[in-house]
Amino acid sequence: MEKKSKGSILEIWSKYPIYRDIQISTILTSFFNWSSFIAMLFLLGEITNSGIELGVLWALSGLSPLIFTAFLGVYLDRWNKKRSIIYSDFLRSLAFLLFLFIPFTEGFISVFIFFISRFFTGLLGSFNSTAKQVVIPQIVQKEDLVVANSYSYMITSTVRLSGAAVGGVIVSFFGINIAYLLTALSCLFSSFLIARHNWNEGSINKNDSIKKNFWKELSSGLAFARNNLYVKMILISSITIGTIIGSYNLMLERYSSVVYAEQEYYLSLLYISEGITSVLIGYIVAKKNLIFKKKWKYGVMYVATGLAWILFSFSTNIIQGILSLILFGLFSALIVPFERFTMQNVVPDYLRGKVFSLWGTLTAVAIQAGALITGFIIDFFGIQAVNQITGSFHLLFGLIFTIIFAFNLNKSQTISSTKREGTEIQ
(Lines of atoms letter the chains of each structure in order from A and count residues from 1; the text may use other names and numbers.)
(Lines give C-alpha, C1' and ligand atoms only; values in the text may rest on other atoms or scores of the structure.)
Protein backbone atom coordinates (compact mmCIF):
# COMPACT_ATOMS: atom_id res chain seq x y z
CA MET A 1 0.00 0.00 0.00
CA GLU A 2 1.49 3.32 -1.05
CA LYS A 3 1.77 6.20 1.39
CA LYS A 4 2.64 9.55 -0.05
CA SER A 5 1.81 13.11 0.93
CA LYS A 6 -0.41 13.65 3.95
CA GLY A 7 -2.36 16.68 5.02
CA SER A 8 -5.52 17.85 6.71
CA ILE A 9 -8.27 19.35 4.63
CA LEU A 10 -7.27 22.82 5.85
CA GLU A 11 -3.67 22.20 4.81
CA ILE A 12 -4.77 21.00 1.37
CA TRP A 13 -7.08 23.99 1.00
CA SER A 14 -4.28 26.34 2.06
CA LYS A 15 -1.84 24.74 -0.36
CA TYR A 16 -4.30 24.77 -3.28
CA PRO A 17 -6.63 27.81 -3.01
CA ILE A 18 -8.20 27.06 -6.40
CA TYR A 19 -9.09 23.54 -5.27
CA ARG A 20 -10.44 25.04 -2.02
CA ASP A 21 -12.78 27.40 -3.82
CA ILE A 22 -13.94 24.67 -6.21
CA GLN A 23 -14.82 22.53 -3.19
CA ILE A 24 -16.55 25.42 -1.41
CA SER A 25 -18.60 26.21 -4.52
CA THR A 26 -19.49 22.52 -4.87
CA ILE A 27 -20.63 22.31 -1.23
CA LEU A 28 -22.71 25.47 -1.53
CA THR A 29 -24.43 24.63 -4.81
CA SER A 30 -24.98 20.98 -3.81
CA PHE A 31 -26.80 21.92 -0.60
CA PHE A 32 -29.13 24.31 -2.40
CA ASN A 33 -29.58 21.86 -5.28
CA TRP A 34 -31.21 19.54 -2.77
CA SER A 35 -33.76 22.22 -1.87
CA SER A 36 -34.51 22.89 -5.54
CA PHE A 37 -34.83 19.14 -6.18
CA ILE A 38 -37.42 18.82 -3.41
CA ALA A 39 -39.16 21.94 -4.70
CA MET A 40 -39.31 20.35 -8.17
CA LEU A 41 -41.20 17.38 -6.75
CA PHE A 42 -43.82 19.64 -5.18
CA LEU A 43 -44.07 21.80 -8.28
CA LEU A 44 -44.37 18.79 -10.57
CA GLY A 45 -47.37 17.53 -8.62
CA GLU A 46 -49.06 20.91 -9.03
CA ILE A 47 -48.70 21.24 -12.81
CA THR A 48 -49.57 17.64 -13.81
CA ASN A 49 -53.03 16.07 -13.76
CA SER A 50 -52.22 12.36 -13.55
CA GLY A 51 -49.59 9.89 -12.45
CA ILE A 52 -48.72 9.14 -16.07
CA GLU A 53 -48.12 12.81 -16.85
CA LEU A 54 -46.05 13.18 -13.71
CA GLY A 55 -43.88 10.15 -14.49
CA VAL A 56 -43.37 10.98 -18.17
CA LEU A 57 -42.46 14.62 -17.56
CA TRP A 58 -40.08 13.74 -14.72
CA ALA A 59 -38.38 11.00 -16.73
CA LEU A 60 -38.03 12.98 -19.97
CA SER A 61 -36.81 16.16 -18.28
CA GLY A 62 -34.29 14.15 -16.27
CA LEU A 63 -33.04 11.72 -18.91
CA SER A 64 -32.72 14.18 -21.79
CA PRO A 65 -29.74 16.09 -20.29
CA LEU A 66 -27.90 12.80 -19.75
CA ILE A 67 -27.97 12.06 -23.48
CA PHE A 68 -26.45 15.43 -24.39
CA THR A 69 -23.88 15.48 -21.57
CA ALA A 70 -21.82 12.74 -23.23
CA PHE A 71 -21.37 14.97 -26.30
CA LEU A 72 -20.42 18.08 -24.35
CA GLY A 73 -17.09 16.53 -23.42
CA VAL A 74 -15.80 17.41 -26.89
CA TYR A 75 -16.41 21.10 -26.24
CA LEU A 76 -14.99 20.86 -22.74
CA ASP A 77 -11.69 19.72 -24.24
CA ARG A 78 -11.83 22.55 -26.78
CA TRP A 79 -12.81 25.36 -24.42
CA ASN A 80 -11.04 27.13 -21.59
CA LYS A 81 -11.93 25.19 -18.41
CA LYS A 82 -12.12 28.23 -16.15
CA ARG A 83 -14.58 29.95 -18.48
CA SER A 84 -16.54 26.71 -18.83
CA ILE A 85 -17.03 26.55 -15.07
CA ILE A 86 -17.90 30.23 -14.74
CA TYR A 87 -20.32 30.39 -17.68
CA SER A 88 -22.07 27.11 -16.83
CA ASP A 89 -22.64 28.30 -13.25
CA PHE A 90 -23.95 31.66 -14.47
CA LEU A 91 -26.29 30.08 -17.03
CA ARG A 92 -27.41 27.53 -14.46
CA SER A 93 -28.47 30.35 -12.15
CA LEU A 94 -30.64 31.77 -14.95
CA ALA A 95 -32.15 28.33 -15.59
CA PHE A 96 -33.15 28.01 -11.92
CA LEU A 97 -34.74 31.44 -12.02
CA LEU A 98 -37.04 30.20 -14.82
CA PHE A 99 -38.82 28.03 -12.25
CA LEU A 100 -40.08 31.21 -10.59
CA PHE A 101 -42.30 31.94 -13.61
CA ILE A 102 -44.17 28.61 -13.51
CA PRO A 103 -46.70 29.64 -10.79
CA PHE A 104 -47.80 32.50 -13.08
CA THR A 105 -48.58 30.16 -15.99
CA GLU A 106 -50.79 27.14 -16.52
CA GLY A 107 -51.36 24.22 -18.86
CA PHE A 108 -48.85 23.52 -21.62
CA ILE A 109 -46.84 26.68 -20.88
CA SER A 110 -46.10 25.64 -17.30
CA VAL A 111 -45.15 22.11 -18.41
CA PHE A 112 -42.90 23.53 -21.15
CA ILE A 113 -41.10 25.89 -18.76
CA PHE A 114 -40.62 23.06 -16.26
CA PHE A 115 -39.11 20.82 -18.94
CA ILE A 116 -36.79 23.54 -20.29
CA SER A 117 -35.71 24.60 -16.80
CA ARG A 118 -34.95 21.08 -15.58
CA PHE A 119 -33.28 20.18 -18.86
CA PHE A 120 -30.81 23.07 -18.71
CA THR A 121 -30.18 22.86 -14.95
CA GLY A 122 -29.38 19.18 -15.41
CA LEU A 123 -27.27 19.68 -18.52
CA LEU A 124 -25.30 22.62 -17.16
CA GLY A 125 -24.92 20.93 -13.77
CA SER A 126 -23.39 17.82 -15.34
CA PHE A 127 -21.13 19.94 -17.55
CA ASN A 128 -20.04 22.05 -14.58
CA SER A 129 -19.34 19.00 -12.41
CA THR A 130 -17.29 17.34 -15.17
CA ALA A 131 -15.30 20.54 -15.78
CA LYS A 132 -14.39 20.75 -12.10
CA GLN A 133 -13.24 17.12 -12.11
CA VAL A 134 -11.17 17.68 -15.24
CA VAL A 135 -9.19 20.59 -13.76
CA ILE A 136 -8.25 18.82 -10.51
CA PRO A 137 -5.05 17.26 -11.99
CA GLN A 138 -4.10 20.71 -13.33
CA ILE A 139 -4.34 22.46 -9.96
CA VAL A 140 -3.33 19.69 -7.54
CA GLN A 141 0.10 18.04 -7.60
CA LYS A 142 0.24 14.32 -8.29
CA GLU A 143 1.41 13.37 -4.81
CA ASP A 144 -1.67 15.08 -3.31
CA LEU A 145 -4.28 13.72 -5.72
CA VAL A 146 -5.33 10.80 -3.51
CA VAL A 147 -5.76 13.17 -0.57
CA ALA A 148 -7.75 15.67 -2.65
CA ASN A 149 -9.97 12.96 -4.14
CA SER A 150 -10.61 11.42 -0.72
CA TYR A 151 -11.62 14.76 0.75
CA SER A 152 -13.83 15.41 -2.27
CA TYR A 153 -15.59 12.09 -1.70
CA MET A 154 -15.88 12.83 2.02
CA ILE A 155 -17.49 16.19 1.24
CA THR A 156 -19.83 14.59 -1.30
CA SER A 157 -20.89 11.99 1.26
CA THR A 158 -21.49 14.69 3.88
CA VAL A 159 -23.64 16.72 1.51
CA ARG A 160 -25.55 13.58 0.50
CA LEU A 161 -26.08 12.77 4.17
CA SER A 162 -27.38 16.17 5.22
CA GLY A 163 -28.44 17.81 1.97
CA ALA A 164 -31.95 16.34 1.85
CA ALA A 165 -32.63 17.44 5.44
CA VAL A 166 -31.38 20.98 4.80
CA GLY A 167 -33.30 21.12 1.52
CA GLY A 168 -36.48 19.96 3.21
CA VAL A 169 -36.13 22.65 5.89
CA ILE A 170 -35.67 25.40 3.28
CA VAL A 171 -38.73 24.31 1.29
CA SER A 172 -40.88 23.78 4.39
CA PHE A 173 -40.08 27.10 6.07
CA PHE A 174 -39.51 29.42 3.12
CA GLY A 175 -41.36 27.86 0.17
CA ILE A 176 -40.34 26.59 -3.24
CA ASN A 177 -39.76 30.04 -4.77
CA ILE A 178 -37.17 30.92 -2.12
CA ALA A 179 -35.56 27.52 -2.69
CA TYR A 180 -35.10 28.27 -6.39
CA LEU A 181 -33.89 31.79 -5.69
CA LEU A 182 -31.28 30.61 -3.19
CA THR A 183 -30.07 27.91 -5.58
CA ALA A 184 -29.72 30.47 -8.37
CA LEU A 185 -27.77 32.79 -6.06
CA SER A 186 -25.48 29.94 -4.98
CA CYS A 187 -24.61 29.23 -8.63
CA LEU A 188 -23.99 32.91 -9.25
CA PHE A 189 -21.75 33.15 -6.19
CA SER A 190 -19.89 30.02 -7.35
CA SER A 191 -19.11 31.62 -10.71
CA PHE A 192 -17.66 34.72 -9.01
CA LEU A 193 -15.66 32.54 -6.60
CA ILE A 194 -13.91 30.70 -9.45
CA ALA A 195 -13.49 33.87 -11.55
CA ARG A 196 -10.93 35.17 -9.03
CA HIS A 197 -8.39 32.50 -9.97
CA ASN A 198 -6.10 31.67 -12.87
CA TRP A 199 -4.24 28.43 -13.55
CA ASN A 200 -2.22 26.75 -16.27
CA GLU A 201 -4.55 24.54 -18.29
CA GLY A 202 -1.81 22.89 -20.34
CA SER A 203 -1.80 22.33 -24.06
CA ILE A 204 -4.70 21.39 -26.28
CA ASN A 205 -4.44 18.65 -28.85
CA LYS A 206 -3.24 20.15 -32.13
CA ASN A 207 -3.76 17.14 -34.36
CA ASP A 208 -5.14 18.65 -37.55
CA SER A 209 -6.84 15.41 -38.56
CA ILE A 210 -9.37 15.72 -35.75
CA LYS A 211 -9.25 19.45 -35.02
CA LYS A 212 -12.72 20.99 -35.19
CA ASN A 213 -14.22 17.72 -36.44
CA PHE A 214 -16.78 16.94 -33.76
CA TRP A 215 -17.38 13.28 -34.54
CA LYS A 216 -13.69 12.45 -34.91
CA GLU A 217 -12.95 14.17 -31.62
CA LEU A 218 -15.76 12.27 -29.95
CA SER A 219 -14.61 8.96 -31.41
CA SER A 220 -11.04 9.62 -30.23
CA GLY A 221 -12.32 9.71 -26.65
CA LEU A 222 -14.37 6.55 -27.15
CA ALA A 223 -11.40 4.78 -28.78
CA PHE A 224 -9.15 5.67 -25.87
CA ALA A 225 -11.71 4.40 -23.36
CA ARG A 226 -12.10 1.17 -25.33
CA ASN A 227 -8.37 0.53 -25.71
CA ASN A 228 -7.16 1.52 -22.25
CA LEU A 229 -7.77 -1.34 -19.81
CA TYR A 230 -7.87 0.84 -16.70
CA VAL A 231 -10.36 3.31 -18.14
CA LYS A 232 -12.48 0.53 -19.60
CA MET A 233 -12.69 -1.31 -16.27
CA ILE A 234 -13.63 1.85 -14.36
CA LEU A 235 -16.32 2.66 -16.92
CA ILE A 236 -17.76 -0.85 -16.54
CA SER A 237 -17.66 -0.36 -12.77
CA SER A 238 -19.69 2.84 -13.16
CA ILE A 239 -22.44 0.78 -14.80
CA THR A 240 -22.54 -1.99 -12.20
CA ILE A 241 -22.39 0.34 -9.18
CA GLY A 242 -24.79 2.74 -10.92
CA THR A 243 -27.51 0.09 -11.03
CA ILE A 244 -27.02 -0.47 -7.30
CA ILE A 245 -27.26 3.27 -6.60
CA GLY A 246 -30.40 3.42 -8.73
CA SER A 247 -32.10 0.87 -6.49
CA TYR A 248 -30.56 2.19 -3.26
CA ASN A 249 -33.17 4.72 -2.12
CA LEU A 250 -36.15 2.52 -2.92
CA MET A 251 -34.66 -0.55 -1.25
CA LEU A 252 -33.83 1.29 1.96
CA GLU A 253 -37.39 2.60 2.08
CA ARG A 254 -38.89 -0.84 1.33
CA TYR A 255 -36.81 -2.62 3.94
CA SER A 256 -37.43 -0.05 6.66
CA SER A 257 -41.20 -0.01 6.11
CA VAL A 258 -42.02 -3.50 4.80
CA VAL A 259 -39.33 -5.92 5.99
CA TYR A 260 -38.43 -4.35 9.34
CA ALA A 261 -41.92 -2.83 9.81
CA GLU A 262 -40.59 -0.56 12.53
CA GLN A 263 -40.53 3.15 13.28
CA GLU A 264 -40.27 5.67 10.44
CA TYR A 265 -36.97 7.04 11.77
CA TYR A 266 -35.36 3.68 10.96
CA LEU A 267 -34.99 4.83 7.36
CA SER A 268 -32.89 7.75 8.58
CA LEU A 269 -30.73 5.38 10.60
CA LEU A 270 -29.99 3.33 7.47
CA TYR A 271 -28.94 6.43 5.52
CA ILE A 272 -26.85 7.76 8.41
CA SER A 273 -25.01 4.46 8.98
CA GLU A 274 -23.78 4.26 5.40
CA GLY A 275 -23.20 8.00 5.07
CA ILE A 276 -21.14 8.40 8.24
CA THR A 277 -19.06 5.34 7.33
CA SER A 278 -18.27 6.86 3.92
CA VAL A 279 -17.27 10.15 5.54
CA LEU A 280 -15.03 8.50 8.14
CA ILE A 281 -13.28 6.15 5.69
CA GLY A 282 -12.84 9.00 3.23
CA TYR A 283 -11.20 11.03 5.98
CA ILE A 284 -8.88 8.15 6.96
CA VAL A 285 -7.82 7.54 3.36
CA ALA A 286 -7.14 11.26 2.93
CA LYS A 287 -5.16 11.57 6.17
CA LYS A 288 -2.97 8.58 5.36
CA ASN A 289 -3.01 9.13 1.59
CA LEU A 290 -3.47 5.41 1.11
CA ILE A 291 -3.65 3.65 -2.22
CA PHE A 292 -3.06 -0.03 -2.90
CA LYS A 293 -0.01 -0.62 -5.05
CA LYS A 294 -1.30 -4.04 -6.08
CA LYS A 295 -4.35 -3.20 -8.11
CA TRP A 296 -5.97 -6.63 -7.72
CA LYS A 297 -6.81 -5.65 -4.15
CA TYR A 298 -9.32 -3.18 -5.53
CA GLY A 299 -10.96 -6.12 -7.28
CA VAL A 300 -11.46 -7.61 -3.83
CA MET A 301 -13.00 -4.30 -2.73
CA TYR A 302 -15.42 -4.45 -5.67
CA VAL A 303 -16.36 -8.02 -4.73
CA ALA A 304 -16.84 -7.01 -1.09
CA THR A 305 -19.05 -4.07 -2.10
CA GLY A 306 -21.30 -6.37 -4.13
CA LEU A 307 -21.40 -8.91 -1.29
CA ALA A 308 -22.31 -6.22 1.25
CA TRP A 309 -25.23 -5.12 -0.92
CA ILE A 310 -26.36 -8.73 -1.31
CA LEU A 311 -25.97 -9.25 2.43
CA PHE A 312 -28.40 -6.39 3.04
CA SER A 313 -31.11 -8.42 1.29
CA PHE A 314 -30.90 -11.07 4.03
CA SER A 315 -31.36 -8.57 6.87
CA THR A 316 -34.52 -9.01 8.91
CA ASN A 317 -34.07 -6.20 11.44
CA ILE A 318 -32.58 -2.74 11.63
CA ILE A 319 -29.31 -3.85 13.29
CA GLN A 320 -28.52 -6.30 10.49
CA GLY A 321 -29.40 -3.67 7.91
CA ILE A 322 -27.12 -1.08 9.52
CA LEU A 323 -24.20 -3.52 9.69
CA SER A 324 -24.62 -4.42 6.01
CA LEU A 325 -24.68 -0.77 4.97
CA ILE A 326 -21.63 0.03 7.11
CA LEU A 327 -19.72 -2.61 5.14
CA PHE A 328 -21.12 -1.25 1.88
CA GLY A 329 -20.03 2.30 2.77
CA LEU A 330 -16.60 1.12 3.92
CA PHE A 331 -15.63 -0.69 0.73
CA SER A 332 -17.16 1.97 -1.53
CA ALA A 333 -15.16 4.69 0.20
CA LEU A 334 -11.92 2.78 -0.42
CA ILE A 335 -12.66 2.38 -4.13
CA VAL A 336 -13.70 5.90 -5.15
CA PRO A 337 -10.33 7.67 -4.53
CA PHE A 338 -8.58 4.92 -6.52
CA GLU A 339 -10.91 5.35 -9.49
CA ARG A 340 -10.56 9.12 -9.56
CA PHE A 341 -6.80 8.99 -9.08
CA THR A 342 -6.44 6.47 -11.91
CA MET A 343 -8.66 8.34 -14.35
CA GLN A 344 -6.92 11.64 -13.64
CA ASN A 345 -3.52 10.09 -14.33
CA VAL A 346 -4.10 7.83 -17.31
CA VAL A 347 -6.36 10.06 -19.42
CA PRO A 348 -4.42 12.66 -21.46
CA ASP A 349 -5.34 16.31 -20.95
CA TYR A 350 -6.79 16.72 -24.43
CA LEU A 351 -9.13 13.72 -23.97
CA ARG A 352 -10.12 14.23 -20.36
CA GLY A 353 -13.32 16.17 -21.04
CA LYS A 354 -14.63 13.52 -23.43
CA VAL A 355 -13.71 10.55 -21.25
CA PHE A 356 -14.92 12.13 -18.00
CA SER A 357 -18.20 13.13 -19.65
CA LEU A 358 -18.64 9.54 -20.82
CA TRP A 359 -17.87 8.34 -17.29
CA GLY A 360 -20.46 10.65 -15.76
CA THR A 361 -23.07 9.82 -18.39
CA LEU A 362 -22.68 6.05 -17.98
CA THR A 363 -23.04 6.40 -14.21
CA ALA A 364 -26.13 8.60 -14.47
CA VAL A 365 -27.82 6.38 -17.08
CA ALA A 366 -27.04 3.28 -15.00
CA ILE A 367 -28.63 4.95 -11.97
CA GLN A 368 -31.78 5.69 -13.95
CA ALA A 369 -31.81 2.15 -15.33
CA GLY A 370 -31.31 0.72 -11.84
CA ALA A 371 -34.29 2.68 -10.55
CA LEU A 372 -36.37 1.48 -13.50
CA ILE A 373 -35.59 -2.23 -13.20
CA THR A 374 -36.05 -2.21 -9.42
CA GLY A 375 -39.82 -2.08 -9.77
CA PHE A 376 -39.87 -4.89 -12.31
CA ILE A 377 -37.63 -7.11 -10.17
CA ILE A 378 -39.83 -6.54 -7.10
CA ASP A 379 -42.99 -7.44 -9.05
CA PHE A 380 -41.57 -10.57 -10.66
CA PHE A 381 -39.07 -11.89 -8.10
CA GLY A 382 -39.66 -10.10 -4.79
CA ILE A 383 -37.86 -7.46 -2.72
CA GLN A 384 -34.82 -9.56 -1.82
CA ALA A 385 -34.02 -10.27 -5.46
CA VAL A 386 -33.22 -6.59 -6.18
CA ASN A 387 -30.09 -6.54 -4.03
CA GLN A 388 -29.11 -10.04 -5.06
CA ILE A 389 -29.32 -9.36 -8.79
CA THR A 390 -27.76 -5.89 -8.85
CA GLY A 391 -25.14 -6.88 -6.27
CA SER A 392 -24.22 -10.00 -8.25
CA PHE A 393 -23.31 -7.97 -11.33
CA HIS A 394 -20.94 -5.83 -9.26
CA LEU A 395 -19.54 -8.92 -7.57
CA LEU A 396 -18.90 -10.57 -10.95
CA PHE A 397 -17.15 -7.44 -12.18
CA GLY A 398 -14.95 -7.51 -9.07
CA LEU A 399 -13.98 -11.12 -9.70
CA ILE A 400 -12.97 -10.33 -13.29
CA PHE A 401 -11.01 -7.26 -12.13
CA THR A 402 -9.20 -9.36 -9.51
CA ILE A 403 -8.29 -12.12 -11.96
CA ILE A 404 -6.95 -9.69 -14.57
CA PHE A 405 -4.67 -7.87 -12.16
CA ALA A 406 -3.77 -10.74 -9.82
CA PHE A 407 -2.52 -12.91 -12.70
CA ASN A 408 -0.99 -10.01 -14.66
CA LEU A 409 -3.28 -10.48 -17.64
CA ASN A 410 -2.73 -6.76 -18.31
CA LYS A 411 0.97 -7.21 -19.16
CA SER A 412 0.56 -5.45 -22.47
CA GLN A 413 -0.70 -2.36 -20.69
CA THR A 414 0.23 -0.84 -17.34
CA ILE A 415 -0.79 2.41 -15.78
CA SER A 416 2.75 3.71 -16.05
CA SER A 417 2.71 3.01 -19.79
CA THR A 418 -0.25 5.34 -20.19
CA LYS A 419 0.85 8.90 -19.51
CA ARG A 420 -0.74 12.25 -19.42
CA GLU A 421 1.59 15.09 -20.14
CA GLY A 422 4.58 14.75 -17.80
CA THR A 423 2.84 12.38 -15.38
CA GLU A 424 3.24 8.73 -14.53
CA ILE A 425 1.97 6.54 -11.74
CA GLN A 426 3.40 3.20 -10.81
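Each Cβ is built from the backbone N, Cα and C atoms, and glycine gets one as well.
A TrEMBL annotation is a machine prediction, not a hand-curated record.
Annotation comment: TrEMBL describes 21-44 (among others) as transmembrane segment.
For 56-76 (among others), the entry in TrEMBL reads transmembrane segment.
Residues annotated as transmembrane segment in TrEMBL: 96-120 (among others).
The transmembrane segment annotation in TrEMBL covers 169-195 (among others).
The domain 'Major facilitator superfamily (MFS) profile' feature in TrEMBL is assigned to 216-426.
For 229-250 (among others), the entry in TrEMBL reads transmembrane segment.
Sequence-remote contacts of a segment are chain residues at least 6 beyond its ends whose Cβ falls under 8 Å from one of its Cβ atoms, and for the transmembrane segment (265-286) they are 9, 146-147, 150-151, 153-154, 157-158, 160-161, 252-253, 255-257, 318, 321-322, 325-326, 328-330, 332-334, 336-337. What TrEMBL records for 265-286 (among others) is transmembrane segment.
Under the heading transmembrane segment, TrEMBL lists 298-315 (among others).
Nonlocal intrachain contacts for the transmembrane segment (321-338), taken as residues 6+ away from its ends with a CB within less than 8 angstroms of a stretch CB, comprise 146, 149-150, 153, 157, 237, 241, 255-256, 260, 269-270, 273-278, 281-282, 285-286, 291-292, 298, 301-302, 304-305, 308-309, 311-312, 315. Among the features that TrEMBL reports, transmembrane segment is placed at 321-338 (among others).
Same-chain neighbours of the transmembrane segment (358-383): 62-63, 66-67, 69-70, 73, 126, 129-130, 221-222, 225, 234-235, 238-247, 249-251, 254-255, 258-259, 313, 343, 389-390, counting only residues six or more beyond its ends whose CB sits under 8 Å from a CB of the stretch. Residues or ranges marked as transmembrane segment by TrEMBL: 358-383 (among others).
TrEMBL lists 389-410 (among others) with the feature transmembrane segment.
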Q: Using a Cβ distance cut-off of under 8 Å, indicate which of 21-44, 96-120, 169-195, 298-315, 389-410 has the most pairs with the transmembrane segment (229-250).
A: 389-410
Q) Where, among 21-44, 96-120, 169-195, 298-315, do we find the most CB pairs under 8 A to the transmembrane segment (389-410)? A) 298-315
